[in-house]
Amino acid sequence: MEKRVFSKDTEKNTRLIGFLKTLMICTGTWSYHWTDNFMLEKIYKYFSFFPLAVFAAFYFLLMMELLRVLIEQDKLDSFLLNLGVFLDASKITIRFVFYFKNNVLRKFKDIMMDEQDIFESQEPEVIQYYLKRAKSWRSTLIFLYINTCLCSYGYMLVEISDNILVNKKHKINNESVEPPFLYQIYFPNPDQNIIYIYWVNCFMVTFIILAVNVSFAISTTCMVYGATQLEIFQFRLKHIHEVANKSYDGNIALTLKIYIQKHQKLISFITDLNDCIRSVTLGEFLISSINCASVVADITKVNDIGLSATYAGAYVLLLVAQIFTYASVASEIKIQSAAIADAIYECEWYNFDKSSQKMINILQARAQKPLEMTIGPFGAMTNETAVMMMKACYSYVAFMKDSGVANTSTE
């Protein structure tokens with residue numbers, strides 16, 4: 001099988017990763033060609049470090065403020081919500097560390113090359129399915145991105161407007177002004193620098209939204225690609241006679257040899273991806289559970305449905321959406337890899353010659369062990385795991401309420 005050369009034409013095949021590519025360009029993490037404009041390339045080269053530097057500064061200031069609150073016992077009524085934001089920022093940091101450490105971004109090269117192969121395959125059903133899958137995943141990422149924007153910007157604008165009105169009343173009554181309850185980052189003399197707090201938060205939130213969505217989408221997009229390729233492989237197995245007649249002069253044995261190579265390549269891709277992000281998946285499982293529970297515990301202690309409770313509720317819904325999306329795409333890999341065995345039975349293998357039947361047996365043997373995305377050294381990440389995370393969240397909230405942790409912050 002002729003090996004394809006990765007070129008600028010190949011880099012244009014981004015139907016599946018198109019929206020993610022746009023977000024990655026905005027965060028400076030896209031390492032492939034994206035423009036022919038010389039000036040834009042130069043600007044991007046120097047700009048690329050800036051978004052992640054902003055997020056690193058945000059994470060550091062968030063940690064500083066959390067430590068200050070604990071040391072000075074100040075603003076403890078919002079401690080659990082602040083802890084939830086800090087844990088979410090920690091999760092994003094863990095994702096990026098492992099992505100860069102394990103060079104996960106190189107997998108986009110495989111995605112673009114295989115996408116080009118699909119569009120050159122002259123298989124209308126495969127192309128149609130791939131485009132449908134790409135559109136569905138793009139819609140999912142856009143939905144999560146818009147929800148993140150609404151949750152973050154909406155809260156920011158409402159809180160700033162409310163803070164301006166409150167401080168106007170304070171000035172009329174000759175009372176001291178109060179800083180806004182935005183992202184609780186460390187800021188010296190907040191009472192005297194309220195305008196700067198507004199601008200810094202509005203500036204940082206843009207890059208935080210990008211970091212949240214990019215860090216989440218990198219691993220999940222790779223998993224969606226793996227599941228999509230497995231399903232396409234099933235379709236080709238079921239229609240092996242048609243593919244052989246159209247592309248390989250009716251040579252079933254040659255077609256099966258190529259299929260075995262493709263299947264092995266898919267297995268290697270998914271296995272390597274799991275090795276690269278299994279720690280990310282573990283962090284997703286642990287931190288998301290604790291984070292969700294912390295914010296829910298914060299909601300349970302409010303006496304009225306105010307701005308903070310509304311924001312916390314929207315934040316929990318966003319967390320739950322991310323958890324179930326992550327679990328769903330991970331679970332799809334296990335389902336589709338196991339379904340290859342069913343596809344083999346539908347390909348009329350009993351009409352093959354002995355050599356071809358031996359190759360079918362090789363495929364069948366490999367399909368008996370489903371591919372999985374694991375939670376670190378533990379079991380597979382599936383939809384059932386997401387439900388278990390929700391149960392763990394409920395148990396954690398119940399524990400904090402029973403032990404009085406949730407109420408400590410109000411004392």
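All positions are counted from 1 along the displayed chain.
Cβ atoms are placed via backbone N, Cα and C, with glycine included.
TrEMBL annotations: computationally assigned, not manually curated.
If you look up TrEMBL, you'll see 16-34 (among others) marked as transmembrane segment.
Marked as transmembrane segment by TrEMBL: 46-67 (among others).
The transmembrane segment feature in TrEMBL is assigned to 79-100 (among others). Counting same-chain residues at least six beyond the ends of the transmembrane segment (79-100), those with a Cβ under 8 angstroms from any Cβ of the stretch are 52, 55, 58-59, 62-63, 65-66, 69-70, 183-184, 208, 211-212, 215-216, 218-219, 276-277, 279-280, 283-284, 287-288, 290-292, 294-295, 297-298, 308, 312, 315, 319, 406, 409.
The feature transmembrane segment is assigned by TrEMBL to 141-158 (among others). Residues 19-20, 23, 182, 201-202, 205, 208-209, 212-213, 216-217, 221, 307, 311, 314-315, 317-318, 321-322, 325 of the same chain, all 6+ positions outside the transmembrane segment (141-158), place their C-beta atoms under 8 angstroms from a C-beta of that stretch.
Within the chain carrying the transmembrane segment (196-228), a Cβ under 8 angstroms from the stretch's Cβ atoms is held by residues 16-17, 19-20, 23-24, 26-27, 29, 51-52, 54-55, 57-58, 88-89, 91-92, 95-96, 99, 104-105, 107, 111, 114, 130, 133, 137, 141, 144-145, 148-149, 152-153, 156, 160, 179-180, 182-183, 185, 187, 190, 266, 269-270, 273, 277, 280-281, 322, 325-326, 329-330, 332-333, 335-336, 371, 373, all 6 or more beyond its ends. The feature transmembrane segment is assigned by TrEMBL to 196-228 (among others).
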